[in-house]
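TrEMBL has this to say about the protein:
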BINDING   A:7, A:8, A:9, A:10, A:174, A:175, A:180, A:185, A:210, A:211  ATP binding site
BINDING   A:47, A:74  substrate binding site
DOMAIN    A:268-353  domain 'ACT'
């Protein structure tokens, strides 16, 4: 029988009532003839409680013990979901990560899934079990200790099971009803997309649209797992939500799929750097070692052996970046005149696989911003994305204007 | 190095502060040179919360899923305890039941420990680990599923580890400071015992002194594990609490070690039963099938082919017993005139291994009760125990009078 993977996030299993509602959705798919693998998160709030206890006990905790404690939330939901399904006369049982087993690396709290042998669960399906409920977010290391995959890891668990079981689809039930052309709270014209390409979703996920964990989208793309994002709080038809899929499966699409934004950015400029081969490596190694997540980088043309270097990073990492750069200056690694931080910027991006074949998207974007009187501070581009840094106060205006100009409120 | 097992119950690990206090006690024993195995319960209240969720989800739950859910509380405490010890620079790690592994039968929710291979933990001790923190109450079945040992099972886990590791002693930290000659709330003269024999503890445990789970005492007796009961809320000296040990290790002892009682008993009498071979079997099979825990049984001498049959059971099982007996009468299995239930009785017992060699204890007990004007309704005896059923309103009086008469306030 075909396998379907269904993943329910923390808000979708927050109470016994919500678990029942989720179980009813599972029942609908079982009735269609699927063998269903359900991946569950911890009841919302539980993981935060456990993380809080660990942090209070041991601020520099042993990640192996962190994982042993924090993984327990998913185990509770898995058992309760199995019991709920049994009450509905659906043969089901729960599996903890080590029982499957979900084999991962030993990188505790940020482990990667290496292998999911499907034999144990397949054998149960063959015996008549209809639903395998699996605790998400967790696995077991080669040393036999419990690992976790990092925040949002249950999405990754779901996609990895879909790949291992060659599932027909992986449905991610969450508290939004799909992926939008932009955040509906910023533009009232935001439209839910029926389909979006993996590459577009990856850009949107990493740009701040918090629907899916980036790693899960990467994994889905690599293994060609059809991902569907949909709401657990609405009655669902077969084509509800948004399907994240291969671009070949999208017949018609707008050149631009969506407008993403990231509010809390900072722009830092190092003025009059003594230019020499390897200077960029010195600067960005120092920042990386200090744990600064550098995003955009721009280097001006050098004049008379000196250049300006600009980068962006999250605004709450500015102090850390300043300390790292000061230390590098004192040690003589870097020579520059001044370091200027602009902590009032935001990033706005247009994303779409159509850009590969359509020219003029960048030009149109810059015109729209110019017409609104918005100054562009930094530009970066990829094959399917153009990002700009602008003053934060213009962020909403820019998103709305771009959404209008690219007619994202209309389907292709 | 010698091994010490230390078990902390739910109230002893109810908060992060209490876990720290317990960890300090562990540190004291580590400093003495012990390899310590710490067995932890769930933080108090947690198991009840989980059991509540399971019952609400599925009143006739699958015990395998019950175990998967309910065992998670101990896992959290185990991880937090390991982290707390690490913060004190004591090398420690946590172990869940399946990791040790604690091999049990497949009798979910009431599993029995079959084997605890000590190799894994011993290897870690050899590498320099000083404390193994083990989640109590749980194990793993031959099928690889999580099992639990039933309420109070962490005591049993502790004793089983002490046996498997040939521990010098098994210290049970709880919210009382030891085993008393009787409940201090009933007699202000109750005295804490320094030592008590396994057999005495077994009688006291099953008679309602809720200090230790009966099964853990049985196991300790079989494997000659020295058990010490002591408070986690007081500073402890080396001879604190009560040592439960082999009777040979008790030099001097009172003939009677303690007075136990059980408040909520009922006496049921079946009047004028048609006597025939096998009638007792018919009655008590019917009661057992109905889940009635029959305690004392008395049969009067039969006259003219009819007899009276009396038994005691917990007062909240009277209705169930009546239904079972009525059904047996209707089906013709049993023939009797009347069933009388007395729901206002209590059981009082004196317990002591000294009774084996001293005569006259029963006579003295009956005299004391007579002198107080207390009527005895049923009597049963074992080698080291005499129990009587009396009117509940006299229970405290009987306990106090017996405690005085056997001079239990004075050490031997």
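Backbone N, Cα and C atoms are what each Cβ position is placed from, and that goes for glycine too.
Note: TrEMBL annotation is automatic and uncurated.
The Cβ of A:210 has fewer other Cβ atoms within 10 Å than any other of the binding-site residues A:7, A:210. Here residue A:210 (ATP binding site) is positioned 21 angstrom away from residue A:74 (substrate binding site), judged by their C-alpha atoms. With all protein chains in the displayed structure included, the most crowded Cβ environment within 10 Å among the binding-site residues A:47, A:74, A:174 is that of A:74. Take the Cα of residue A:47 (substrate binding site) and measure to each of the binding-site residues A:7, A:9, A:210: the nearest one is A:9. With DSSP states grouped into helix (H, G, I), strand (E, B) and coil, the domain 'ACT' (A:268-353) comes out at 28 helix, 34 strand, 24 coil. Residues belonging to the domain 'ACT' (A:268-353) score a mean pLDDT of 90 in the model. For residue A:9 (ATP binding site), other Cβ atoms within 10 Å of its Cβ number 23. The Cβ neighbour count for residue A:180 (ATP binding site), using a 10 Å radius and every protein chain shown, is 23.
Secondary structure at residue A:7 (ATP binding site), taken from DSSP and collapsed to helix, strand or coil, is strand. Following the DSSP three-state reduction, the secondary structure of residue A:210 (ATP binding site) is coil. In the three-state DSSP assignment, the secondary structure recorded for residue A:174 (ATP binding site) is strand. Maximum intra-site Cα distance, ATP binding residues A:7, A:8, A:9, A:10, A:174, A:175, A:180, A:185, A:210, A:211: 25 Å.
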